[in-house]
Structures are given as structure tokens and as C-alpha cells.
Ligand SMILES: Nc1ncnc2c1ncn2[C@@H]1O[C@H](COP(=O)(O)OP(=O)(O)OP(=O)(O)O)[C@@H](O)[C@H]1O
Ligand SMILES: O=C(O)[C@H](O)COP(=O)(O)O
């Protein structure tokens, strides 16, 4: 990992270790975990710490409880799942800080695990309050940050605490940063980025930064419509971010200037509304009906994108090519996922929906690295520094 200390660089024997993880997992109405990927992803670090004889104080946020205790956001279901995965008892703290929690931390034996309650039950967490960070730090002797998914947040348990304890990265943090840096900073070429999804304003910064690094940029999904509009096409009722149309035009000019291939759909799947099984048709981008919406890339575009993807040696993908949750608007995304899977390139996929799409296409095991970070991987790709990484001790 770039110049930052990791759990391998510190003596952990008999030490109380505060491990920040991102156990912000999806729960259903019965508060059952519907996807435990993020818990599994932290296991190598937790197991290693246990094997080294450390006493683990594990902390995470869950959802956005807005700074107050709320049973709905309790980490209790996570404690249960973590215990099953580790095959040991996980003690659940009734709180995050305070004398009871301190006592529980004090009584831990080497290899034992204590899970704190949701750190966001305290408003001080998101404010990165130094006094709160100091209280967290009092529980332990070393800070391990393995919460890549929350590394773009400068909060007390992800950043502030590092002012008071030796601070090192866990294995997941190391792996995420390594793959993303490899893709971004020293990519084997051709380097192709695929950007889709719906949040144009969130991702336009990523496009800006990637333009200077990639050989080709493929834009699909809702994102593409804003660019099509900038090219002067009728986009009908499609999702378009009007206030980003000019910027999209500027980015297309920039791509031309620096000789980067920017590929947009040449055809799209249109329908009057988003509805499973609704009658849809494929039209050229200059023939989008005024009363319809572009909801997926068309077959010609899938083929065009596929050709480019198959040439790539490095691929970064964020955001689906269409409304993939609703059939038949999943076809473009599935086609792209399949192309990435057979490309043989180093491939990195990030973002909740993109990961779901890769899983839906059944090719998750063919992707080199699936990031556990949504916002965090995007900010990394934008070239921003992640506070949760910056605060770690240099080698
Ligand atoms: N043409 C389109 N029109 C409307 N919505 C679209 C279109 N194409 C994709 N979408 C929607 O975009 C959403 C995903 O976009 P989003 O930008 O959130 O991607 P993501 O992979 O989840 O990234 P992140 O986790 O960073 O938010 C999906 O719900 C999908 O239905
Ligand atoms: O799910 C995520 O992207 C992380 O857990 C961060 O959550 P947040 O956006 O609520 O800070």
C-alpha cells in the first residue's frame, strides 16, 4: 500500500485494537441482513488480528441515524452475523463510548471481539469532534482502519481517532487502494473506463479526471442522455440533467482536443415508461420519440462498446448502462458485463448498482476487483484524497 503502514507493520500481541470497518449493510424490514459482502470483506483483517493475539474493539456506522440512538440502526444483527462468520462469540456493547464500554474493552482477552454500537448514534461522530475521537481512542492502543467504504468521510472513527493512536490500514483498505491505484496510476494500456448510471452531477467529476488518464471512455445509462442532448439530439422524456448539458459539451470538446476516444450510444432502447415487459424498441439516437425515454443502450452500441472493451488491458466500470433492474432494460448492462468478464483485462467495478448488475449477469467471479466502496471508490477515481487513508501513519 502506497507508503502507509498496515497491520503487518505493528506489534499486535495483547494489544487492544480499535478496528473501524464498514458494516453498513442492507437490511430488510425484519432487520435481516440481505447482503453480507462488506462483513465478509473485513474477515481477513479481523482473523489476522485475532491470530496475532490482539483484543478487538470493532466499530462501524449503519445507515444514517442522524446522531441519535435508534434501534432500527442498531448493529445487533451485524454482531450475530459476524459471530457466525468468525465462528466465535461476538460481544455486543450497549453503547459506543462511556464507562460500561470501557469496562468491556478492558476485560477483553486476546482473540476476543467486542462490537460497539453504531458510531453515528452520536452527532460528534460525523462532526469529527476531537473530544469524541479521544473517547474512542481511550478504548484501545492501536487504530486499524479497514473501512474503505467510509474512507471518504472525515469522521471521528475514520479520521479523528488517528490523532491519538498509532494508525494503520487493514487488509481490505490495502487491497482496495492497491487495485484502484493500479488501475488509475499505472494502467496497462489500452485503459478503458465505462461510466453509466443516473447521477450525472455526482459522476461528472469522475469523467473529468478520467479523461486525462484513459485511452477510451464509454458513456452509457442515464448519464449518456445529457451528452446526447449536448450534441443537439432530441432526448424526449429521458433522464437529462439540464444544468450539466454545457459541461457535457465541454468534456466532449476536451476529449477531442487531447485525442481520447469518447464513445456515446449510437442507438438506444426507448419506451413510454419504466415498466417490466413494456413494449420497447431500438432507435438511432437521432430518432428518440418526443414522448418516450431512452432506458438502455441499443444492440449496435453494445457491440461497439464490446469491441472497445475486448481491446482493453485495464477497465474501470461505474454505473449500469440502463435501467437494469427492470427487464428488458438490462440487456445493455449484461452485454457490457459479459464483455468485461471475457476481456482478460484487469477490471475494477465499484458502486452499489454496478456491482449488483455484475452479479445479475453472473460474472462477478470474472471481475478482478469488486470494490466495497460506492462513494469512496468514486472519490478515489475523481482523484480526491480520502481522509481515512490520509490520516494513516506513513511507512
Ligand atoms: N437511461 C436511464 N434512465 C434512467 N435511469 C437509468 C438509466 N440508466 C441507468 N439508470 C439507473 O441508474 C441507477 C444507478 O445509477 P447510480 O449512478 O446510482 O450507479 P451506482 O452503480 O449505484 O453507483 P453508486 O453506488 O456510486 O451510486 C439504476 O437505478 C438505474 O436504473
Ligand atoms: O455505503 C456507503 O457508501 C458507506 O458506508 C458510506 O455511507 P454514507 O454515505 O452514509 O457516509
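All positions are counted from 1 along the displayed chain.
Using the three backbone atoms N, Cα and C, a Cβ is placed for every residue, glycine included.
Automated prediction, rather than curation, is the source of TrEMBL annotations.
Residues 325, 351, 352, 353, 354 are recorded by TrEMBL as ATP binders, and the candidate that the same record lists for that site, out of 203, 213, 229, 237, is 203. TrEMBL annotates 22, 23, 24, 38, 61, 62, 63, 64, 153 as substrate-binding residues; of 120, 134, 182, the candidate listed for that same site is 120.
Around residue 351 (ATP binding site), the same-chain residues six or more apart in sequence whose CB sits under 8 Å from its CB are 197, 318, 319, 371, 374, 377, 378, listed in sequence order. For ligand 1, the neighbouring binding-site residues among 24, 153, 351, 352, 353, 354 are 351, 352, 353, 354, by Cβ distance under 6 Å. For the (2R)-3-phosphoglycerate site listed in the record, the two most distant Cα atoms among 38, 120, 153 lie 18 Å apart. On the backbone, the CA of residue 354 (ATP binding site) and the CA of residue 61 (substrate binding site) stand 23 Å apart. 22, 24, 153 are the binding-site residues among 22, 24, 153, 203, 352, 353 whose C-beta comes within less than 6 Å of an atom of ligand 2, given in sequence order. Here the Cα atom of residue 63 (substrate binding site) is found 14 Å from that of residue 38 ((2R)-3-phosphoglycerate binding site). For residue 120 (substrate binding site), the nearest of the binding-site residues 38, 153, 203, 352, 353 in terms of C-alpha separation is 153.
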